[in-house]
Amino acid sequence: MENFRKVRTSEEESPLPFPDLPPGVVEMKVKEGSKIRNLMSFAMAQMELKGSRQIVFSGCGRAVTKTITCVEIMKRKLGGLHQVTKVRYKTLLEVWENQDPLPGGAAQNLTVHKNVPSICILLSRDPLDPNQTGYQPPEPREAGEDPSSSSAKGLKRTAAD
């Protein structure tokens, strides 16, 4: 493969794995190079300013961990969100071009089909069916916890620290 370079990568389009989604639900497609700050500012604006009731985060391959990070940030900031997680595989198509073609021959391309893990996470302000696979209820608020507080659970410091 040292004589080949990747020319293009494309992923197969597949419908969201959540039946009965309302029309116009916001889908955040997280990519490997996406900036969490940009994703979160857009997603938070949709949920808080535009009043969206549901949002879907999806990512595949190396973007899976970034997708989960975005969801956890949103759950912490907004609170009270129901969650359904679906994990599956997606097929990526990679096209590689030969850098050292045979003299007088046409450039050779190689197409590689890769199966990579993919995750789709639905967050909803409205209750979801708790019997469906991948459901997580909202985390209960601790007594006296300020909803606007951004302190992490378990990381509170005492005066002795």
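The backbone N, Cα and C atoms fix where each Cβ goes, glycine too.
The compositional bias 'Basic and acidic residues' annotation in TrEMBL covers 1-11. Among the features that TrEMBL reports, domain 'DNA/RNA-binding protein Alba-like' is placed at 27-90. Per TrEMBL, the feature region 'Disordered' maps to 1-20, 126-161.
Break the region 'Disordered' (1-20) down by DSSP state and the numbers are 0 helix, 8 strand, 12 coil. Across all of the domain 'DNA/RNA-binding protein Alba-like' (27-90), the predicted model scores a mean pLDDT of 95.
Note on the domain 'DNA/RNA-binding protein Alba-like' (27-90): DSSP counts are 32 helix, 20 strand, 12 coil.
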